[in-house]
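*Asks:* Got a structure for you, questions after.
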Amino acid sequence: MTDKIITAEEMRHYDSYTINTIGIPSLVLMERASLAVRDEILHAFPLNLKKVVIVAGSGNNGGDGLAVARLLHIAGVQVTILNVGNPAHASSEHQTQDKICQYYGIPQTTDLTSLNDATLIVDAIFGIGIDRPIKGTYADAIAKINNTNAIIVAIDMPSGINTDTGEIMGTAVKANTTVTFAYNKIGLTKNEGVDHAGRIVVANDMGTYAVD
Ligand SMILES: NC(=O)C1=CN([C@@H]2O[C@H](COP(=O)(O)OP(=O)(O)OC[C@H]3O[C@@H](n4cnc5c(N)ncnc54)[C@H](O)[C@@H]3O)[C@@H](O)[C@H]2O)[C@@H](O)CC1
Ligand SMILES: [K+]
C-alpha cells in the first residue's frame with residue numbers, strides 16, 4: 001500500500017515501461033484494471049444493477065469500459081454499451097475489446113436516450129488521455145449522465161477532470177465512485193476533482209512498475 005499520488009505523465013511512463021520493457025501485455029493491464037472496476041461495482045452497488053450502461057470513448061479508457069461490460073455480462077448483469085467515441089480513432093486495445101463484446105452479443109448503441117432508465121452508469125469516456133476541453137457529443141453525453149438518478153462509477157478519472165490539476169476541462173462527469181489504477185492521481189485530490197471523483201478506490205495490485 002502506498003500513498004503516492006502521481007501525474008498523467010508519470011502514469012504513462014510507468015505503463016509504457018511495464019508494457020514495453022518488462023513485457024506485461026497492455027491487454028493484461030487492461031484486464032486487471034477492468035476486474036477491479038467490476039469488483040467495486042458488484043460489491044458496492046449490488047442493488048443498482050437492474051440496468052447498467054457503459055459509456056465508452058474510443059481510447060483505452062473506453063477499452064476498459066468494454067472489458068467491464070463483458071465482465072458484468074458474464075456475471076449475469078444486464079449491460080448496454082453506449083459508444084460516444086469516434087470509431088475511426090479507436091485504439092487497438094479498444095478494437096480488440098469491441099470485437100469480444102460483439103461475440104458476446106452485448107447490446108451497443110450510440111443513442112443517448114439509452115441512459116434514461118439506467119440504474120448504474122460506468123463513465124469510460126476519457127481517462128488520463130484527456131488533453132483538451134470537452135465539446136459536442138461528449139459534452140451532451142456528460143450533461144445527460146449528470147442529469148440521471150443513476151449511480152455513476154468513473155473509470156480511472158471522471159471524464160473531463162484534468163489528471164494533473166483537478167480542474168474541469170469544459171465539463172465533467174460527477175461520479176459517486178472513481179476506481180483509479182496503480183496510484184492515486186493528483187487531479188482526484190485537488191480543486192473540482194475532489195467532489196467529481198466521489199469515493200476513490202485505488203486498484204493498487206495492477207502489477208504496474210513504478211520506474212524512475
Ligand atoms: N495499457 C495501458 O496503457 C493502460 C491504460 N489504461 C486505461 O487507458 C486510459 C488512457 O487511455 P488513452 O491514452 O487511450 O486515453 P483516453 O482513453 O483517456 O483518451 C482517448 C483519446 O481521446 C482523445 N482526447 C483527449 N481529450 C479529448 C477531448 N476533449 N475531446 C475529444 N477527444 C479527446 C485523445 O487523443 C486521447 O488519446 C487510462 O486512463 C486507463 O483507463 C488501463 O487499461 C490500464 C492499462
Ligand atoms: K473515465
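Quick reminder: no glycine exception, Cβ is built from N, Cα and C everywhere.
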*Asks:* Among ASP39, ASP156, ASP164, find me the residue TrEMBL lists at the same (6S)-NADPHX site as ASN60, ASN61, GLY62, GLY63, ASP64, GLY127, ILE128, GLY129, ILE130, ASP131, ARG132, PRO133, TYR138.
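*Replies:* TrEMBL lists ASN60, ASN61, GLY62, GLY63, ASP64, GLY127, ILE128, GLY129, ILE130, ASP131, ARG132, PRO133, TYR138 binding (6S)-NADPHX, and from ASP39, ASP156, ASP164 it also lists ASP156.
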*Asks:* ASN61, ASP123 bind K(+) in TrEMBL, but which of SER16, SER159 does that record place at the same site?
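*Replies:* It is SER159, as the record lists it for that site.
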*Asks:* I want to verify one value. Collapsing DSSP to three states, which class is ASN60 ((6S)-NADPHX binding site)?
*Replies:* helix
*Asks:* Count the other Cβ atoms sitting within 10 Å of the Cβ of ASN60 ((6S)-NADPHX binding site), across every protein chain shown.
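*Replies:* Neighbour count, Cβ to Cβ under the 10 Å cut-off: 25.
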*Asks:* Sorry to bug you, but what's the C-alpha spacing from ASP123 (K(+) binding site) to ASP64 ((6S)-NADPHX binding site), rounded to the closest Å?
*Replies:* 10
*Asks:* For ILE128 ((6S)-NADPHX binding site) and SER159 (K(+) binding site), determine the Cα separation and express it in whole Å.
*Replies:* 9
*Asks:* Quick one: which of the binding-site residues (ASN60, ASN61, ASP64, ASP123, ILE128, SER159) have their CB closer than 6 Å to ligand 1?
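*Replies:* Only ASN60, ASN61, ASP64, ILE128 meet the Cβ criterion.
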